[in-house]
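According to Swiss-Prot, the feature NADP(+) binding site maps to Gly166, Ala167, Ser168, Ile232.
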Amino acid sequence: MTAQRIDGKAIAQSIRTQLKEKVTARKEAGQRVPGLAVILVGADPASQVYVGSKRRACEEVGFLSRSYDLDTTTSEAELLTLIDECNEDPAIDGILVQLPLPEHIEESKVIERIRPDKDVDGFHPYNVGRLAQRIPVLRSCTPMGIMTLIKTTGIDTYGLDAVIVGASNIVGRPMSLELLLAGCTTTTCHRFTRNLEQKVRQADLLVVAVGKPGFIPGEWIKPGAIVIDVGINRLEDGSLAGDVQFDAASENASFITPVPGGVGPMTIASLLENTLYAAEQYHD
């Protein structure tokens, strides 16, 4: 068996094309275009790359993009004041604060300062709580994008044994809620998990998000499993690798996401979808 690659890049491009058409239709109907404020604090190279990709995607689909590049020494109070201003700006439908933040700024305080109806990253406790209550509105972008990828396989998720490796607030925890909502029996593994290999081998659907290249050996993959690799790790030779040993895993899986070109583009596509949703549902 050789796994089919799930082409996140192509699927994300299709979503962006559809969004561009919807934005054009809004303009023709005399409605304003959706607006996204992107806030970057500091000069972390990886964050700068991510923010640049998000801003370019905004412009591609015709959104209003507001950029705020703040110095590393920006105080927490100054950042919160900027968020307050964006909260009250009628041209802005979504606010994104790129994480991680400098150590002197408390991330939870910043996330909770963003109005839930403008929380297009889906990190606010209100929006995570909506997902937990099975009434999602603005959903965490990476898990949302992963669910879109899984749907393209045509495989029915109801009754599948799903295993998530990694329990972060950004991916692992909301991912478990998404898969629970999709009818899976979910297991979330983390640093204290015992017998990780045994749990991974039982997974019909495996999502790995730990940030360690090749962390999951390919021979652990159950024959016919769907493998979603969230990891983006830069190796010493400059190449990118995922958290799963791709070649060996491809011999067992039925579907697998490549790195790069799998989950990454879908995160940005989901961010754009959330921004349009916020404009249509909350601010029109």
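Cβ coordinates are placed from backbone N, Cα and C, and glycine is handled just like the others.
Known features from Swiss-Prot, placed on the structure.
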| residue | record | Cβ neighbours (10 Å) |
| --- | --- | --- |
| Gly166 | NADP(+) binding site | 23 |
| Ala167 | NADP(+) binding site | 18 |
| Ser168 | NADP(+) binding site | 16 |
| Ile232 | NADP(+) binding site | 19 |
Assigned conformation of Ala167 (NADP(+) binding site) - DSSP reduced to three states: coil
For Ile232 (NADP(+) binding site): DSSP state (helix, strand, coil): coil
Taking residues Gly166, Ala167, Ser168, Ile232, which bind NADP(+) in the record, the widest Cα spacing (Å, whole number): 16
